[in-house]
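What follows is a set of notes on a single structure, which appears directly below.
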Amino acid sequence: MPGSANWTADRFYIPDTLANWPWPRAINPAYEECKAASAAWCEKYGAFSARAQKAFNLCDFNLLASLAYAGLPADVNRVGCDLMNLFFVVDEHTDAMDARSVQDWVDIVVDALHHPHTPRPAGEPKVGEIARTFWENGIKCMGPTAQRRFVETFTTYLQSVVTQAQDRDKHLFRDVDSYMEVRRDTIGAKPSFALLEHDMELPDDVFYHPLLEKLREWAIDMLILGNDLCSYNVEQSRGDDGHNIIRLAMLQENTNVHGALRFVSKMHDDLAEKFLSNYQGMPSFTPQIDAWVTRYIDGLGNWVRANDSWSFESWRYFKGDVLRVQAERWVELLPPAPKDELTSSIPPESRWIKPAVEPSRARPNNVGIVALDTYTPTSEDDFQTLAVKTVSSLLSKYNINPVSVGRLDICIERAADPYIIYALRDAFASAGNTDVEAIVSSSKSVVGLFNAINWVESSSWDGRYAIVFAGDLSSGVSAALVGPDAPIVVEPTRGTYLGDPIASTDEAQGSYIDSLFQSYSHYRKKHPQFSKTSGAPNGAHTPTTTNGSIKSNGFVSGDTNGHANGNGHVQTRSSTPSSSSSSTSSPSFDYMILHDRHGKIPTGAGSIYLGLASLITDIAPETLAGKSIGVFGFANSTSTFFGIRVAGDCSVICKQLQA
């Protein structure tokens, strides 16, 4: 590196980390042919605006593939070109997404890889069809082992992109070691290396030999450092350098960009020395396997050279200044990019997934119930099986990736099943997700719902959903998915009443009614503008059907006076039939129809959700839209009155509840 006298605050020097690298630059002879075919394939999906497509083409990701796969057959090189284009379509679009949206995107791509011969559904984000057609062509020139390793490593790559988005959403800056651990997947090298095996059948004990594992890691780390050295200037200009080792080294080492460059250059030199000292040290197996191993390691070394050559030959990082930078290696620090340029590369029609949470907001909007499912127990169901069935059904019906769930709130009538957490754990662990907070609450179903909502709205939220499971064997169970941008929004105002303990069954009815009026009174003091005269139903968590409609009894406009009897309990003017029925004309009974299907539900932990499910299925979505609904929850004299608002279309939930 040049002397420090030449360094200034507005320019920096990129060291030549491969000056003594023994692999020379080479290019696949089918480069031009593959470039034309792959570019046409990528462009037909309209992933970018016309202006951005032109810039995308100047980056020439086909050149990167043709440098990396210089010695491979033309058909494999074409697949490599398609892969590089797919990588950078993913990179450009997910950089503008929040973590939840990236996870939705990832689910589509993974599904496409597993169904390469099945056209994607109409209206789905285009990335699904891009990934499907890529892999449909890719499997034609890759053997079974290479195919398996590609799908495994590409899936890992995609999940790491979600992690990167989570870091971005939380403005998280990792230390260098933690960053390298994540970046080894986000750089996409592992699936790229799978193409080197296109005609090989390396046994797992050879492929995962400790030395070959280290050679792969050292090669990947050199790719990371080389890429970040060249991409830093563009990324710092966009304010997107939180996932770049130069920025992280500056923070960790408390230095400026020049000090960080020295730090990273030394890291690269150490890695190169390790690779060159060990790449010929693999033990011997069979002549065929030895030949494959030698060719594979040669491919790793060539990849390091290819990435460096492409970085200084395409317009990706240095645009029209690429030849000067290649010769001199001095880079002028770019000023911050205008905000309207940060997403201009993506046309509005191609911003395929709407972000769930805008990073500029302090907390997510419209937090509530995103999805809902219920289950009626049979005589053969035990509670653990019932819980797994219901949660699994929710995930399946709404096509929810278990990895996108970060919290479980379990509400049960009695804390009689301490192993329910372990039963539910398997539904997530089988998908590779053991990073799930799990909390058990007894009796009061709204506690789980409020806890889940508070988590989503807190600084601890990591961008994933929460699931609230509630119920018991006698009344039925439910599972609710809680997250932002929900069609059923739980309003923040709550009225809570902590009454006297219930000593007997005879006291329960009076305590229930007293708690209803007291909690509603507290609610109105906090939210006086709320009115039940809007025509919306009122849902009550009712221990029996004899409690009837809470619209009656002067329970309008906060009139809770004149209803207490000599025992201090609130009496009702009975206007309720002896049983609930779907034919009743009172809208209040719509919320209690499900009670009839499950028998006379006691103070079951899941009855609020079962009543809500009844409301959604029995009232047309267009009628419910925009309505505010009062909800009352009660458990052993502890009660809460709160409101929910139907902020979106409930038709999907309605359809799935009836499925």
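The backbone N, Cα and C atoms fix where each Cβ goes, glycine too.
The Cβ of F88 (site 'Plays a critical role in the stabilization of intermediate cation') has 18 neighbouring Cβ atoms from other residues within 10 Å, across all protein chains displayed. In three-state terms derived from DSSP, F88 (site 'Plays a critical role in the stabilization of intermediate cation') belongs to a helical segment. Look at Swiss-Prot and you will find F88 tagged as site 'Plays a critical role in the stabilization of intermediate cation', backed by similarity to another entry.
Taken from Swiss-Prot, the feature Mg(2+) 1 binding site covers D91.
Summarising the annotation, Swiss-Prot assigns Mg(2+) 2 binding site to D91. With a 10 A radius on its CB, D91 (Mg(2+) 1 binding site) counts 14 other CB atoms from all the protein chains.
As annotated by Swiss-Prot, motif 'DDXXD motif' applies to 91-95.
All protein chains included, S231 (Mg(2+) 3 binding site) registers 18 other Cβ atoms within 10 Å of its own Cβ. DSSP assigns S231 (Mg(2+) 3 binding site) to a helix in the three-state reduction. According to Swiss-Prot, the feature Mg(2+) 3 binding site maps to N227, S231, E235.
Residues or ranges marked as (2E,6E)-farnesyl diphosphate binding site by Swiss-Prot on the basis of similarity to another entry: R316, Y317. Counting only same-chain residues at least 6 apart in sequence, those with a Cβ under 8 Å from the Cβ of Y317 ((2E,6E)-farnesyl diphosphate binding site) are C230, S231, N233, V234, S311.
The region 'Disordered' annotation in Swiss-Prot covers 528-586.
Positions annotated as compositional bias 'Polar residues' by Swiss-Prot: 530-573.
What Swiss-Prot records for 574-586 is compositional bias 'Low complexity'.
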Cα separation, R316 ((2E,6E)-farnesyl diphosphate binding site) to N227 (Mg(2+) 3 binding site) (Å, whole number): 11
C-alpha spacing of E235 (Mg(2+) 3 binding site) relative to D91 (Mg(2+) 1 binding site), in angstrom: 13
Shell list (Mg(2+) 3; ref centroid = CB of N227, S231, E235; cutoff 8 A): D228, L229, C230, Y232, V234, N244, Y317
Cα distance (Å, whole number) from F88 (site 'Plays a critical role in the stabilization of intermediate cation') to E235 (Mg(2+) 3 binding site): 15
Distance from R316 ((2E,6E)-farnesyl diphosphate binding site) back to F88 (site 'Plays a critical role in the stabilization of intermediate cation'), taken between C-alpha atoms, in Å: 11
Cβ atoms near R316 ((2E,6E)-farnesyl diphosphate binding site) (within 10 Å, other residues, all chains): 23
CB contacts for N227 (Mg(2+) 3 binding site) [other CB atoms within 10 A, all chains]: 21
